[in-house]
Amino acid sequence: MTSNRSTAWPAPAKLNLFLHVNGRRADGYHELQTLFQFIDYCDYLDFAVNDSGSLTLHSEMEAVVANSDNLILKAAKSLQEYTGTHQGAEIWLDKKLPMGGGIGGGSSDAATTLVALNHLWQTQLSQDELAKIGLSLGADVPVFINGLAAFAEGVGEKLIPVEAPENWYLILTPDVHVSTAEVFNDPLLPRDTPKLSMDDLMSSDWHNDCQPRVAERYPQVAKALAWLIEYAPSRMTGTGACVFGIFDTRQQAEHVFAKLPAGLCGFIAKGTNKSPLALRLTQH
């Protein structure tokens, strides 16, 4: 069964280098402006294609997330239905990214599943078609499929590739799961940050409108930010809970990481404007 196993398909994390909430639409979704950048810290997926059409997932997450709710299986099923293929796959997930951390782990896993199976099943969908399927699974999935650092606005689906500084990051992972829906439903969330042009945004001070509310509701996030900001410019990514400090070199990040107090966990990663998934695809 595993002789045709295609291995080590990366599902990278992302950071929101800024996240501005510009308003709320009539349908309840929020108008955002944000900048996505990938980091070289990833989940990894293996795939073994079959002709039976069956889809199975092996993961230490099985006890945490029901298969019916798993975005990996939803992505594979969506690709089957969209293309009409009779092929299936056995999938293995090596989970390294924290869930509910604001670094896109579930969305990235779904994107890697779509990109890898489109290649392995030879269903030959375009990137735009894959992104359309991805958007039905989650607002962040298309950026992982496109594979380039991007400025996004709307609900996050309008993407413009950008070249952001590829800094080193120390990312702290508070042991708390932040609900995105809960954050965006918070009546005290700022929703009136003025919309700016991309040029203005790229030259202005960056912030995350969700950060003050999350820090107030989750002391673990506030603690991580308070410690990290003593050493480097620091912000929360997405709706949290992860926070990141920005460094020019790996050595600087490692120097601060070595001082990490008990009770805080994290990792060091490099920002990259081209997704490791896009690079993996070119190796075939």
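Heads up, residue numbers simply count up from 1 along the chain you see.
Placed from the backbone N, Cα and C atoms, the Cβ positions cover glycine too.
Look at Swiss-Prot and you will find Lys14 (among others) tagged as active site, backed by sequence analysis. Secondary structure from DSSP puts Lys14 (active site) in a beta strand.
What Swiss-Prot lists as ATP binding site is Pro98, Met99, Gly100, Gly101, Gly102, Ile103, Gly104, Gly105, Gly106, Ser107, Ser108. Here the Cβ of Gly102 (ATP binding site) has 29 other Cβ atoms within 10 Å, regardless of which shown protein chain they belong to.
All chains included, 26 other C-beta atoms sit within 10 angstroms of the C-beta of Asp140 (active site). Per Swiss-Prot, the feature active site maps to Asp140 (among others).
Of the binding-site residues Pro98, Gly104, Gly104 has the largest number of other Cβ atoms within 10 Å of its own Cβ. Of the listed binding-site residues Gly100, Gly106, the Cβ environment within 10 Å is emptiest of other Cβ atoms at Gly100. Residues near Lys14 (active site) in space but far in sequence (CB under 8 A, at least 6 apart, same chain), listed by position: Phe36, Gln37, Phe38, Ile39, Ile103, Gly104, Ser108, Asp140, Val143, Phe144, Thr237. Secondary structure from DSSP puts Ser108 (ATP binding site) in a helix.
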